[in-house]
Amino acid sequence: MRLSVRKVLLAVGCALALVLAVQLGQQVLECRAVLGGVRSPRRMQPEQEELVMLGADHVEYRYGKTMPLIFVGGVPRSGTTLMRAMLDAHPEVRCGEETRIIPRVLAMRQAWTKSGREKLRLDEAGVTDEVLDAAMQAFILEVIAKHGEPARVLCNKDPFTLKSSVYLARLFPNSKFLLMVRDGRASVHSMITRKVTIAGFDLSSYRDCLTKWNKAIEVMYAQCMEVGRDKCLPVYYEQLVLHPRRSLKRILDFLGIAWSDTVLHHEDLIGKPGGVSLSKIERSTDQVIKPVNLEALSKWTGHIPRDVVRDMAQIAPMLARLGYDPYANPPNYGNPDPIVINNTHRVLKGDYKTPANLKGYFQVNQNSTSPHLGSS
């Protein structure tokens, strides 16, 4: 018995010595490589790059840079909230509320690239483009994945993220983008009347806001075209409202997601588990609780100053480029589907449900500001 124990101890000792010898040999080789000026970067293993989350249904979800993320964006007041609410109504998709931080971090990354002096300093410090991109990739994925419940398909809605579509497509090669497009006159009227603060936009001036709208949508549209039609789909707000079923079928086909009738009734899933989460501080919340309706389409007509109407084609040339008539007040957007007409009658009669957790907020909000119906 004593002999067998000795043999076991001897075998264990030999094994430990072998392991230590192998590790020591590896360290010697690494030291030689460093001294010789050849340093191979340590790369994360594929399993380390995955983000693992457990859903309320006890299903494990794994997220990584190769997953098909969805990015929804556009100039604010162009229907981005409506679009993401419709996607949130799908049982396999989760967008959630605006993160607000993702477009700011993307803007910082862009600023570092544009500044030659700053880029030189970063490179000297070893903070190369590869290091920054890996950090951005991990940060963005972490924020998108963890700011809401896990789902098979994750989506992000921060309007200005689509100013960086080309960069995001490089970070997440299987991602797809939905660029919300809306008549700039309607978007600007909504910004001004609802007092939606946007950096750089002078809400006291239709001319200034239309000029800034034109610049913003021009950048986003160019990015969308550069990414390519197979990865970025322009979605016209007016057509989404007038023909929701047709538009959503096209959108889901583009995203490679199976059809579900729930996307046509997002208002029924607001505040419900696995449904549509809304923020009390987002300006569109009081509109998106209603079914898709026509109230917001032409509400801008008659409110834009005459001199701005006269100069519209010069102030906002992107209107014509996107297919809008800059001289029509309002343009003929098309004829609505019967369900949308019915929804509009319901909204005018107040025949829709306000989620219990938002009732007090809307009573206060409606007493302090004029009501604006319609989905935006």
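Cβ coordinates come from backbone N, Cα and C, glycine included.
Averaged over the topological domain 'Cytoplasmic' (1-8), the predicted model has a pLDDT of 50. If you look up Swiss-Prot, you'll see 1-8 marked as topological domain 'Cytoplasmic', on the strength of sequence analysis.
Summarising the annotation, Swiss-Prot assigns transmembrane segment to 9-25.
The topological domain 'Lumenal' annotation in Swiss-Prot covers 26-376.
The 3'-phosphoadenylyl sulfate binding site annotation in Swiss-Prot covers 77-81, ARG182, SER190, ARG194, TYR237, 284-293, LYS299 and is backed by similarity to another entry. Just so you know, the Cβ of THR80 (3'-phosphoadenylyl sulfate binding site) picks up 29 other Cβ atoms within 10 Å once every protein chain is counted.
Summarising the environment of CYS95 (disulfide bond), the number of other Cβ atoms within 10 Å of its Cβ, over all protein chains shown, is 28. Taken from Swiss-Prot, the feature disulfide bond applies to CYS95-CYS155 (among others).
The region 'Interaction with peptide substrate' annotation in Swiss-Prot covers 100-104. Panel annotation: around the region 'Interaction with peptide substrate' (100-104), residues 140, 143-144, 156, 158-161, 163-164 of the same chain, lying at least six beyond its termini, place a Cβ under 8 Å from a Cβ of the stretch.
Per Swiss-Prot, site 'Transition state stabilizer' is recorded for LYS157 (among others), and the stated evidence type is similarity to another entry. With a cut-off of 8 Å between CB atoms and residues at least 6 apart in sequence, the same chain places PHE71, VAL72, GLY73, THR80, THR81, MET83, ARG84, CYS95, GLY96, GLU97, GLU98 near LYS157 (site 'Transition state stabilizer'), listed in sequence order.
Marked as disulfide bond by Swiss-Prot: CYS224-CYS232 (among others). For CYS232 (disulfide bond), the Cβ neighbour count at a 10 Å cut-off comes to 24, with all displayed protein chains included.
SER284 (3'-phosphoadenylyl sulfate binding site) falls within neither a helix nor a strand when secondary structure is assigned with DSSP, and so counts as coil. Per Swiss-Prot, site 'Transition state stabilizer' is recorded for SER284 (among others).
Under the three-state DSSP scheme, ASN342 (N-linked glycosylation site) falls in the helix class. The annotation N-linked glycosylation site is assigned in Swiss-Prot to ASN342 (among others) on the grounds of sequence analysis.
According to Swiss-Prot, the feature N-linked glycosylation site maps to ASN367 (among others), an assignment based on sequence analysis.
Each of the binding-site residues ARG77, LYS290 was scored by the number of other CB atoms within 10 A of its CB, and the lowest score belongs to LYS290. In the three-state DSSP scheme, LYS157 (site 'Transition state stabilizer') is classed as strand. Within its own chain, CYS224 (disulfide bond) has LEU162, SER165, PHE177, LEU179, CYS232, PRO234 as residues 6 or more apart in sequence whose C-beta sits under 8 angstroms from its own. For SER284 (3'-phosphoadenylyl sulfate binding site), other Cβ atoms within 10 Å of its Cβ number 23. Following the DSSP three-state reduction, the secondary structure of THR80 (3'-phosphoadenylyl sulfate binding site) is helix. The two recorded residues, SER284 (3'-phosphoadenylyl sulfate binding site) and CYS155 (disulfide bond), have Cα atoms 18 Å apart. Ranked by how many other Cβ atoms sit within 10 Å of their Cβ, the recorded positions SER190, GLN287, ASN293, ASN342 place ASN342 at the bottom.
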